Amino acid sequence: MFENKIDEAPLWCVVPLVITASISVLLFFYPQPFLKLASLAVQTIMGG
Amino acid sequence: MKILGKITITICGLLLLFFTSDFPDWGDVNSPASTHLSPYFIEHTIEDTAVPNIVTSVLADYRGYDTMFETTVILTAGLACFLLLRIPRKDSIHRYYRHEPTGVTIRVEGDRYPKGSNVFTRIDSSWVPYDLIINFTCRLLIHFIQLFALYVVAHGHHSPGGGFQGGVLLGASVILFAISGNLRAAIKRFGEKTAAILSSTGVFIYAGAGALCLFIGEQFLNYSALGPLLGTDRIMARSHGILIVEIGVAMAVMAVMIWIYYNLSSAGKQDEGL
Amino acid sequence: MELFSFIVAKADYWAYVILMMVGLYALIAKNNLVKKIVGMTIFQTAIILFYVSIGYKKGATIPILHHGSDHGGEALAAHGAHAAAHGTQEVAEQAAHAVAHAGEAAVKAMDYINPLPHVLMLTAIVVGVATLGVALALAMKVYKEYGTLEEDEINQQLRNG
Amino acid sequence: MTSNLPALVIIVPLLASLVAAGAGWFNRKAPFYIAVIALLISFISSVLLLAQVVATGVAIEYQMAGWPAPVGIVYVIDHLSAMVLVVITFVAFVNLIGNRQAVETEFKNKEGAFNALYVLFTAGLVGMTATGDAFNLYVLLEIASLSGYALIGLGSSRAPLATLNYLFLGTIGATFYLLGVGYLYIATGSLNMADLATIIPSMMNSSTILFAFIICLTGLLVKMAIFPVHGWLPGAYSESSTVSAGLIAPLTTKVTIYIMVRICLTLFTPEYTFGYIDPTDIMVAIAVASIIFGSLSALAQKDFKRMLSYIIIAEVGYMVGGFFLGNRMGVSGAILHIVNDAAMTLALFMAAGIFIWKTGDEKQSSLKGLYAKMPFTMAGFTLAALSVVGVPPTCGFFSKWYLISGGIAAGQYLFVGALIFSSLINAVLFFRIFEIALFEPFKSHHHAGDEEDKVESHHGETIVDPGVIESAQQYSGSDSHDHGAIVIKEPPLPMLVPFLGVCVLLLILGLYSGSIVNNIIHFAIPAGII
Amino acid sequence: MSMETILSVKPLFAVLVSLVAIPGIVSSRSQNIREAWTFGAAAIKLLLVLSMLPLVLDGNVLTFTLVQVLPDIGITFKVDAFGLLFAIVASSLWIVTSIYSIGYMRSLNEHSQTRYFSFFAVAISATIGVAFSANLLTLYLFYEMLSLATFPLVTHHQDKEARSSGRKYLFYILGGSIGLVLPAMMITYHFTGTLDFAAQGVMAGHINSGLALLLTVMFLFGFAKVGIMPMHSWLPAAMVAPTPVSALLHAVAVVKVGAFSVVRVFTGIVGTTLLSDFGINGIVCVLASITIVVASLIALSQDELKRRLAFSTIGQLSYIVLGIALLTKSGMTGGMLHIAMHAFGKITLFFCAGAIFCATGIKYISKMKGIGRRMPITMTAFLIGSLSVVGFPPCGGFISKWYLVLGTVESGNIAFLFVLLGSSFLNAAYFFRFSTMLFSAAKRR
């Protein structure tokens, strides 16, 4: 049913795909911004 | 629906009867109503307004504001009947004619009948009786009624009477003319337009007099402000103010009564009355 | 006996209650629109009767200050009116002052019935007439629309209209 | 001149209505402009009054005909009445401007009478709000009712019958009120409210005063169409012409509630109403019944204006229940709701006017595709609908806030439940309309190259007004494919601008409800209520 | 770390910037100008939010009162660490989603796109409004605004099916918010006198245990957007919307707002101490875990790709609720982190689903055999996304799940640890069984 040729989705669709996928991988290696925020929030809630 | 009505009525009735237990006795001289406010009116009327008839003075001066809106209520009724009933266009109407010699009444669709002939006279509705006697006596009586009505209006200060009663009498005289004769004759003498304009000018006299006192500087409807205008002192000015106002009321009541009669009797077509 | 005297003392007020109930019943339960209108008028008249009955005082006359009772007053009043007609300032002043003085001594509240309810009821009568006029106008329009004044026939027409 | 402001507020409309009634016979255009100018003057003077009262903080007393309080008739304008004055004159003014075209078409050569009655109705309401005399209030109540009957009577074919029922019930209500004033008079001998307020505490346990309270209240409840006696309202408001419904619907019930507040607080002092009689449980039960009945029957209506009338009955339940909670939150919620509900009902009835102008009939089902055809009107309508439902930024939410917190404070959880229930029902009501208006009949989705559900794109009948195919701005210019031209057909500007103004007002009222409560309603409620 | 509050109007601008863009979007002549408006607004919004990051990072809080609406409650904004975290996620993903929706809308040439983009802008401003709200009233205001803004988006296709799912969407969300949250808010206000989010919660000392439990449950089910089990069925029904909308709904805005509000209420209003003293958190944990397990099971059986993703989102959201309800330091950090991680992971999966639909129009997984060969980039992104959602090392999801596991261990009751691990296993099942199929050889036939 499918011939084996590449027919990707339109460019505008694929670009955001790639961005978000790379961000989620990036977050694994550099979680500092969110981690720092989360721990700061927890600190105010639980710490008090 | 009827049983529900009966039940509510009996309950209301019993409640009302029970609650009369706390009333002062009939005609009791020192009941709260006769001791709290009314002695002031009785004792101070002459001194304040120089009007012997206390009811007229309270009506037009102490509580003059109430009476102004009372007259406005009448005007509202006149405007309401006009708005609801008046049909501007004359659609196809039937006409009643009576053959004079024989007294037979015939109904003609549209107005095909020759106008000129004197054998047939136009009448308002099929049951109008042969009324030479009524016609003549009414024509005679109406003048005296109107004369007496003017007396009632003018002597509101000294005798029971005043704007409303005089106005109704004047209105009744014109309505009597319309009933005894036919509506078109009455409309010819006292047209719908004059009735409408007179009714709003009557109330305008009342409210205008009040507004005049406002412009002169006193509170609204404070007739003593008209003193310098009428060339009298403050107390007599009140009495004259009341008279002016009574005239306005009479005019308004007369015009509205007639206006309502014109609309009601002919269901808005103002063509064939009762 | 105490009950009987109680009833007698208050019996006069019962007249307005009965009249009001008749009016209210007609207004609620009657089928014909014009009968409802008549019921409404009776209902309003009952209130007028109630108000006027408040104002009654035993042995009091109508609230018009009789000129006869204080003779001087009447002459002065006529004189005052006469002077006002001429518009002469100081004569009218003097007359009005005299009248006021005379009035003070003669008028006692006991002699005259309470004028206030009568004034109020003038208004209520006028309101009753106005409402009656509008109600009749509306009834006429209903009759022109449905050809009948009976409420159940009208509802019948509405249901299958 | 400013000392005569209270007189100006009422006298200018009265004189203008007389001139308009007369002018109607000479020139057909003049009455409308006379009425508009009069209402504008009255509005401005009532705003000045409110400013003066709020600034000085003390009530203004104006003695008619120069006679002091118990003898003559006195106008007392305190915070509460000044605020309601502004609401009345604003609603009357905006409704008249917004419907100039409708007035010309529906009241062909009776403009003089119509405009006069319109202004008289407003004058009656203004007088009722400002008066300090119980009997004078009855006379003005009759003026407002009579002109109301006339304005409503001229409408669709069923209008006369509906108005006759309204007249009968209205007269019963007004006469009961008169009887109540009579009982007060026979027991105390005075008619002035302030005077009565000083006498009543001394004769607390007299049965006449108690019965006067009951009969007065019953009369007012009949006039404001609370649940058991609401029969006249739906017929009267939905059969009448939209102009008169736009004037009468937002005002009559609200001003009658104002009178109830005035009587219960100023005439029968709070110690008497809430201390001696304490009618909280009965009245809140009636209010709950009214809310639930109003909301449920609104759900069953097909006709748009009839649905709005049932919503009004529910709103009356809000206010009556809120007031009789007896605590400060509930009473200020009821008073705030007078202002909010008047604005909301005005917006909805003006929207109804525009819908009828657009679709020609009053059925809800005929509102198809209105979002595309007139986006601005529908945006305004959505705002008004959200306000009725009670969504935060709009004013409806905040009066519900006070009512619910008052209900919780007073422990009336049934009332709180009824409020929540009616908000949900309102949400269903209006979203049903949004659905109809959003989903055009000819809309169908194209699946590009999708094998499974090959929905062929049927164009169906493109509903475009045959009479109105002019080169209006192509709304969906930016739409990639056209599926029938969506022609923008907004109502004429004089009809649209006032409507949008009122809808924006709903937002402003919402945001500033806090300041309204703090510096107006707070002073309006006597100290007797904690 | 100075802890003072700075008065600045930035949060208000952040909320308003997309609303200001709407007149521009509506009145733009051509599509490109309209898109330019959207991008401009999105960029400004992100910059505004990021500009507040350094301030918040060193501990201070920005507040701004718009108007004092009620005696002691106003529409006030407060930017604290947790609010900023969610705002950054929302605004960054808005840019990405607008790019994506341009591509998606133009390729399928959808109708009335202007309406789509304007309501899109309203939805995002409402989301940021929820993120920055200082008290429960402001949060409720923007929560309602979001529900109403997303209704036209969900029912974008305006056909029969969209209509019924729109009705269901509103029934659950508006019903929940008016029916449950409003009374609960009022009762709290009545007893405690204030609705501001305080560090230790407002209820302590004012409300007895029975009422606190009732209120907590009302809040939990009232915020129907968090999709706790009985109130979840609007989510799969909303799949009828175009994919960028369901991406926005399920990753960025709607569901996360639900989770965010629940967390805000639990920590700010009910207060952690009250939760633990009255043992309410146990009940919440149980509810959350039931949702996790049941949602993961149903996800297995779904054939339509978007419905499977929807049910997986319901499960993932309950992770956040579970993380918070554990009331342990790392559990809460894990819950908060999961908001961000899950957002990026899940939005990737939805973009892939949309891309597949754009390119081939296939919706059902059973028909996607061997699609990996035809769309390699999309499929690799899909793989990364699913790794992140399941929580495997190379992707961000692992970190938040790691903290969640730590949290369950710290809290001591192991049952929730099993729930976590079991559900991760279920997630792995329904993702990888599916992805292996993608890359297998094309069908012989």
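In case you wondered, yes, glycine gets a Cβ from its N, Cα and C as well.
Automatic prediction, not curation, is the source of TrEMBL annotations.
According to TrEMBL, the domain 'MrpA C-terminal/MbhE' annotation covers B:31-94.
The transmembrane segment feature in TrEMBL is assigned to B:67-85 (among others).
Taken from TrEMBL, the feature transmembrane segment covers B:132-152 (among others).
According to TrEMBL, the domain 'Na+/H+ antiporter MnhB subunit-related protein' annotation covers B:133-258.
The annotation transmembrane segment is assigned in TrEMBL to B:164-183 (among others). Taking Cβ pairs closer than 8 Å, the transmembrane segment (B:164-183) reaches residues 122-124, 128, 131, 134-135, 138-139, 141-142, 145-146, 148-150, 152-154, 156, 189-190, 202, 246, 249-258, 261-262, 265-266, 270-274 in its own chain, all 6 or more past its ends.
The transmembrane segment annotation in TrEMBL covers B:195-217 (among others). Packing against the transmembrane segment (B:195-217) from elsewhere in the chain are residues 64-65, 67-68, 71-72, 74-75, 78, 82, 167, 223, 225-226, 228-229, 241, 244-245, 247-256, 258-259, 262: each is 6 or more residues past its ends and has a CB under 8 Å from a CB in it.
Cβ atoms under 8 Å from those of the transmembrane segment (B:237-262) belong to residues 48-51, 56-57, 60-61, 64, 67, 71, 74-75, 77-78, 81-82, 149, 153-154, 156-157, 162-164, 166-168, 170-172, 174-175, 178, 183, 186-187, 190, 192, 194-206, 209, 213, 223-227, 229-230, 270, 273 of the same chain, restricted to positions at least 6 beyond its ends. Among the features that TrEMBL reports, transmembrane segment is placed at B:237-262 (among others).
The list of residues near the transmembrane segment (B:67-85) in space but at least 6 beyond its ends in sequence, with Cβ under 8 angstroms from a Cβ of it, reads 59-60, 196, 199-200, 202-203, 206-207, 210, 221, 245, 248-249, 252-253, 255-256, 259-260, 263-264, 267-268. Residue counts of the domain 'MrpA C-terminal/MbhE' (B:31-94) by helix, strand and coil are 48 helix, 2 strand, 14 coil (DSSP-based).
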